[in-house]
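Structure record follows, encoded as C-alpha cells.
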Amino acid sequence: MPASPAPTTADELRGAGLRVTAARVALLEAVRQGGHLGVEAIASKVRERVGHISLQAVYEALHALTAAGLVRRIEPAGHPARFEGRVGDNHHHIVCRSCGAVADVDCAVGDAPCLTASDDRGFSIDEAEVVYWGTCPDCSTGRSS
Ligand SMILES: [Zn+2]
Ligand SMILES: [Zn+2]
C-alpha cells in the first residue's frame, strides 16, 4: 500500500483555495462522473446527496469551481452550458445538431492554439475555439430506420 492515500475531493477543493462544503464535494463528483452535464442535471445529482440546494447556489458553486480550474465549462452555440471534470488538456467537443449530445475529441495537435492563423494581425493568439458539429450515432440510426 502506498504511504499517502490519494487526495479526496475535499482535499482537492482545499488545494484549489476553496471552502469545502458537502454541496461542493457532491457537485464536483457529479460533474466528474457525468460527462458533459447541464446545470439542471448537476443540481438534481447534488440534491440526491445533500438535500435541497437552490439552482442559484449550484450556479455559484460551478462558477467557483470553474474559476479554480477544477471544472471546465463548455457552451456550444445555441445550447445551454455544460460542465465537465476533464480539465488541463486542450480537448475539443463534437456536438450533435439533432439531440445536443456532446462527446470529447482529443486535440490532434495537443496544445492550444491548435490552429495556426493565416495572419495573426499582430495579436498574441493563445486559443482557437474548435467545436465539431454533426449527427450522433443514435440520431443517425433513428433517421435511417
Ligand atoms: Zn443526437
Ligand atoms: Zn469534454
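A Cβ is built for glycine as well, from the same backbone N, Cα and C atoms used for every other residue.
TrEMBL does not curate its annotations; it predicts them automatically.
Annotated features in TrEMBL:
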BINDING   CYS96, CYS99, CYS136, CYS139  Zn(2+) binding site
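Within the same chain, residues at least 6 positions away in sequence whose Cβ sits under 8 Å from that of CYS136 (Zn(2+) binding site) are CYS96, SER98, CYS99, ALA101, ALA103. Sparsest Cβ environment among the binding-site residues CYS96, CYS139 (other Cβ atoms counted within 10 Å): CYS139.
Cβ proximity to the Zn(2+) site centre (mean Cβ of CYS96, CYS99, CYS136, CYS139, cutoff 8 Å) flags the following additional same-chain residues: ARG97, SER98, GLY100, ALA101, THR135, PRO137, ASP138, SER140.
DSSP classifies CYS139 (Zn(2+) binding site) as helix under the three-state reduction.
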